[in-house]
C-alpha cells in the first residue's frame, strides 16, 4: 500500500501537473485532455445523428451541420483518438521496457501541451463563430472557398497540435530504441511496445506531409499565395495527394497501437503467450509499410487514370493479408487457453468480429471499379467507423479498463463495465451496420439532410437510435470512473492476476522512479517467467545505486502558449483572405513567437542537469520498485 | 449463437436482394451496364468476404465455447504455445490467393470502365458515333451541354437508352462529384482538369424505374451539398431525337397568356435583378461557359423538380424565386428578392410556359 497519504492543496496538484515531466503523470494529462475532446466529439456526433433522425428535420442549419461533422472528424482523429492512445503508451510503454522514463521527458511534456493548446485553439472556433466546415479532409477547392475564419482555426490548430504529435512520436522512437532494459531485445518486446514503435515511425513519416500541406493552405488563405488556386495556376489535386499521404498512414497510427493493446489483453486473459509472436511483429511492420503505398485509394474517383487505380487497388487489397494474420493469431492465442471474461477481454472479444467486418468492407472498397459506387457514400462512413470505433475506440475503452489500476491504483467496477460494454456494442452495430445499406441505396455522405421518398428514412432512424445507446454507455462509464475514484480502493501490483509483462511487477501506480534497480529481462513476458519460477518480482540487472531524475519545468506550457498566442496574430494579419485584418495582429504574432523562441533559448542556455535520488534514500524507501528482495 | 448468425445473414441477404432502396436511386437495383457490372462485383466480393467472416466466426465460437476458464480450473496454466509455422503459412497463403483472385476482375474492370476511346469514334460521314455530354458542376446546379448537337440544358439530363453515353466532367467553382447511383459509379468533377467516363441506360430497367433516375453530388461542396440533386430522363432514341430537334429550334415558345408575357418582361427587365443576364431561355447558348452563370432555362416547363429537389409546382417556383437562400443556403443567385405576389405569379407563369415540346 502506498504510504503517501499527505493532503496537498488543489493549487499544488495543479502546479505539479503543469510542470511534470513524469511519463505517468503526462499519461494522466493525455487521458483527461483526450477524454475531454472525446466527449466533445461524441456530443457533436449525437447532434449530427439528431439532425439525420428524420428527413428534412431542420434541427440545425446546413452550415452548422457541415461545421459539426468537420469538427467531429477532426476532433475525434487528432484530439481524441491519438492523445488517448498516447495516454496509454505513456503510461505503459516505459514500464514494459524497464525504463525509468521516456528518453526526453521535457519533450514528452512539450508534446502534450502543444497538442492541448492546438486542440483548444481549434475548438475556440465554436466560440468565435466560424468553425471549419470543409470536412476533416478539407479539400482545397472548398476550403479556399469557405467563408469566415473556420478553416484558419483548422490549419493553425492542427499545425500546433501536429508539432506535439511529431515530437511525441520521435520521443517514443528514441525511447524504445535506447531505453530498453538489459536483455529486452527487440524480439522480446511486448506487442504494445512494438506497435507503439511502428506507429511512432509512421508518425515520423506521415506528419511532415500534413504539416507541409496545411502550411500551404494556411498561406493561401492568410498570405494570398496560390498553391491551390486553380485560376492562378495552382492545383487542388495536390492537396488530395498530400492529405492522403498523411491520412492513410494516420489510420494505421491509430489502429496499430490498438492492435497492441488487444494483443496484451488477449494473451493476458487467455493465460497464454501470444501465438505467432514473430509473425505478429512482421505483420505490424508490413502493415506500416504498406500503409504508405495505398493513399490513392481515397482518390479512385478523382480521375487518376486506369493504371494508377489498378495498382493502388491491388496494393490496398494486399493489406488484408497481414491484417488477416493478426486476426488468426489472436484466435489461436485464445485456442487452448484459459479464457477469463473480464471487461477488457469483452472489448477484445467484441473487437474481433467488428473489426473483421470493417476489414472486409475495406477490401471491397479496395476494388477500384466497385469503389466508384461506394466512394463518398454512407458505405464508407460505415466502413471507417467499423475500423475506428470497432478497432480504436474499443481498444481505448478496453485499455482504459485494463490499465486503470496501473495508472490510478484503483479498479473500475466490472459490473458497470459490463453494462457499458453491452450498450456500447449493441449501439455501435445498430448505428453503423445499417449505414452500409444506406450507402448502397444511394445516400452520399456529408449530406446535411435527406429527402423523404428515397427509401432512406428507416435506416437513418435506426442509426440515430444506436448513436444514443453509445452515448448512454459512455455516460455510464463516466459514472463508473467517478464512483471508483471516490471509493479509492487501492489494489496490488497485479490486480488482473494474470499479468505477463513488466508493468504488472510494479506497484499500482508505480513509484515515481518506476524501477529501483533496472530489471534484467530473460525472455518474452518477463514478469510471467519470473512468476512461473516462483519469484515475487523482477531480477535486477544492476546493484542499487543513485537514480538520476529530471527536474519539473513550466517551460513546455510557456512554449506552447506562445504558439497559441501567435496563432491569433497569424489569423488576423492584414493580408488574410477574409479581409478582417486587425492592427494588433502583427504585434501579437511577434510577441507570441518571441515567447516561444525566447523560452526555447533560455532552455538551451540554462543547463538543467536534474537531480539524483541518493542510494540511502532508496534503501529506506518502502517501495519495492518492481524488484524482488 | 450460430443460429443467430445464420438468421442475421439471411435477414441481410434478404435486405440486399429485395432492398429498401428505390429503383431510381439504389445501386442494388442496377439499370445500366456499368452499374450492373459493379453490382456483380459487389456480389462476388461480398460472397468471398462472407466466407471469410464465416471462417473467423466459426473459430471464434469454438474458442469461446471450449476454452473459457471453468470452475475448478482457476489455477490451471495452459500450455504456452509459441506458434505454428504450418498454420502461419496457411493463413498467409490463402488470403494471398483470394486477393489474386479478386485482383483479376478488379484490374480488368478498371480498364474496361476507364476505356473512353469510343468518345472520338466517328462513322463514315465523319459524325461522332456516340453521344457526348459535357457536364459542368456549379454551386449548386448542373449544366449539361451536348457539344455535337449544339444544345445546353440544366438540372434535368436527357439521354437516350440502350447506348453508351460519354461524359466530360468538370467543375467551375469547387470540386463536386457526378453520380447516378442506379446507372453507375461516380466520377469527380474537378476544377483542375477534365474527367471522362461513360454510362449506359438499360431501356427495360428505365421503364421499370419510371424513366427518371436520381443523380446526386457526391463530394462535399458547401451548405447545400445535400440539395445538389439532378434528374436523368432516360428515353428511347426516337423520343430523344425529337427532343433534340425541338431544343435546336432555338426560339421561345409562343406565350399563351397575358400573365406569361408580363413575366417575360419582368424576366428581362425588373428593378431588382436582371434574370436574363445569367439565365438563357433557349437551348442554343453561344456565350462562353464562364459567362453562363445560372442554369439554362430552355424547356424549364418540362422540368421534374424546382431547384433540383423541390416538387415542380408553381408555389415552389415562386418561393424559390423569392427566397432562394432558404431552400439552398449558400447558392450564388441572391439571398432573397422582393417581388410582389403578382410579379412572382407572372414570373412563374412565364417559366412554366418555357417548353420546347408538350
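Note that Cβ sites are derived from N, Cα and C of the backbone, with glycine treated the same way.
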Feature transmembrane segment in TrEMBL, mapped to one of the ranges B:22-44, B:45-67: B:45-67
Integer average pLDDT (0 to 100) for the domain 'Cytochrome c' (B:258-355): 92
Helix-strand-coil residue split for the domain 'Cytochrome oxidase subunit II copper A binding' (B:128-246), DSSP-based: 21 helix, 61 strand, 37 coil
Tally of residues which DSSP labels helix, strand or coil - the domain 'Cytochrome c' (B:258-355): 45 helix, 4 strand, 49 coil
